[in-house]
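Asks: The GTP binding site annotation in Swiss-Prot covers Asn159, Lys160, Val161, Asp162, Gly213, Gln214, Ser215, Gly216, Val217, Gly218, Lys219, Ser220, Ser221, and the record cites sequence analysis as its basis. Residues or ranges marked as Zn(2+) binding site by Swiss-Prot: Cys295, Cys300, His302, Cys308. The annotation compositional bias 'Polar residues' is assigned in Swiss-Prot to 7-20. According to Swiss-Prot, the feature domain 'CP-type G' maps to 103-271. The annotation region 'Disordered' is assigned in Swiss-Prot to 1-25.
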Amino acid sequence: MAKRKLTQNQTRRIQSNNAKTLHRHKKKEIEWSDEMLGESQEGVVVTRYSIHADVENEQGEIYRCNLRRTLSSLVVGDKVVWRKGNEQLQGVSGVIEAIHPRENEISRPDYYDGLKPIAANIDRIIIVSAVLPTLSLNIIDRYLVVCEIAGITPLIVLNKVDLLAQEQRQEIEDQLKIYQDIGYEILMISAKSGENMEKLTALLAQGTAIFVGQSGVGKSSLINHILPSVNAQVGDVSETSGLGQHTTTSSRLYHLPQGGNLIDSPGIREFGLWHLDAEQITKGYREFQYVLGTCKFRDCKHLSDPGCALREAVEQGKISPVRYDNYHRLIESLSETKSQRHFSLV
């Protein structure tokens with residue numbers, strides 16, 4: 001998949017930031033020699049910090065580790081090869097030496113550091129929306145583009161439905177039907193009343209999931225409902241590591257009691273699409289695929305172009321005009337300035 005080309009200034013900034021990071025690593029990193037380490041073993045990254053990561057071994061034990069300088073990137077969910085130290089040094093118990101190939105990853109564009117992976121090896125993205133202040137189908141569509149491009153199954157969750165009167169609920173269900181019609185799964189839930197929380201919990205038991213959505217939609221309430229001991233677990237890990245408590249900006253993978261894993265990633269609150277080109281965004285709309293390539297002109301912009309098969313499908317009721325309009329809003333946003341094109345969900 002082709003990626004948007006960075007400008008010379010962006011490239012220079014990325015190189016400068018990388019150099020500064022390497023310098024910091026040299027100052028803080030422990031030099032692990034071979035005789036200081038045990039045998040290689042498999043593990044999963046459950047938390048990533050600036051120069052450390054917490055790795056869970058096959059027995060469920062968590063160790064804080066350094067990263068080899070040869071590792072280009074490391075995120076929560078990565079499957080790794082690591083070695084435990086014969087003794088703990090400065091609160092660090094071992095070193096990560098290699099990363100297994102990822103099945104998939106979620107990344108967000110960063111103007112200064114390029115495309116930054118957030119999490120890897122995900123089975124399902126839970127797109128959380130809420131009825132208040134307003135339901136934004138445009139934001140849902142942005143997340144769905146990411147899901148389609150990454151090849152990750154989405155679940156659209158509408159939270160706080162307990163705030164809806166029956167008539168309002170019917171209106172919301174009618175709006176969301178455009179997603180059901182093209183094969184997306186939707187769940188109307190309430191963390192407060194417990195409506196459909198059992199169904200959500202059952203779906204989360206199937207693999208590894210990550211929650212995404214705007215601030216205020218109730219992601220934290222959902223996580224606390226599903227995993228009420230989450231804060232206690234964070235505290236326990238900090239005490240065990242001896243390195244003190246990290247801020248809540250760190251992503252973390254949690255094991256759910258009923259099975260499955262949940263990644264809580266505050267970094268997912270900011271989500272831009274400016275690293276994608278128009279062709280990639282078009283491929284992110286699954287219902288467009290059966291008409292693409294059938295337009296009269298190869299360079300069709302799918303607007304007022306004569307013989308546009310996509311526009312004709314909208315006029316015939318085969319494609320939702322709401323989704324079609326949101327698609328063009330996304331395409332138009334690609335040409336916006338830096339301050340405008342960084343899509344913030346905070």
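Think of each number as a place in line: the chain as shown, counted from 1.
The backbone N, Cα and C atoms fix where each Cβ goes, glycine too.
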Asks: Given the binding-site residues Cys295, Cys300, His302, Cys308, find the one whose Cα is closest in space to the Cα of Ser215 (GTP binding site).
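Replies: Result for Ser215 (GTP binding site): the nearest of the binding-site residues is His302.
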Asks: I need the neighbours of the Zn(2+) site defined by Cys295, Cys300, His302, Cys308. Which other residues of that chain put their C-beta within 8 angstroms of the C-beta centroid, in sequence order?
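Replies: Counting only non-site residues, the set is Lys296, Phe297, Lys301, Leu303, Asp305, Gly307, Ala309, Leu310, Arg311.
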Asks: Please report the three-state DSSP label of Cys295 (Zn(2+) binding site).
Replies: coil
Asks: I'd like to know which of these binding-site residues, Asn159, Ser215, is least surrounded, judged by other CB atoms within 10 A.
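Replies: Candidates: the binding-site residues Asn159, Ser215. Fewest Cβ atoms within 10 Å: Ser215.
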Asks: Please classify the secondary structure at Asn159 (GTP binding site) using three-state DSSP.
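Replies: The residue in question, Asn159 (GTP binding site), is strand (DSSP, three-state).
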Asks: How big is the gap, in Å, between the Cα of Gly213 (GTP binding site) and that of His302 (Zn(2+) binding site), rounded to a whole number?
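Replies: Between the alpha carbons of Gly213 (GTP binding site) and His302 (Zn(2+) binding site) there are 29 Å.
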Asks: To the nearest Å, how far is the Cα of Asn159 (GTP binding site) from the Cα of His302 (Zn(2+) binding site)?
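Replies: Here the two Cα atoms are 34 Å apart.
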Asks: Which one is it: of the binding-site residues Cys295, Cys300, His302, Cys308, whose Cα lies the shortest distance from the Cα of Val161 (GTP binding site)?
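Replies: Answer for the nearest of the binding-site residues: His302.
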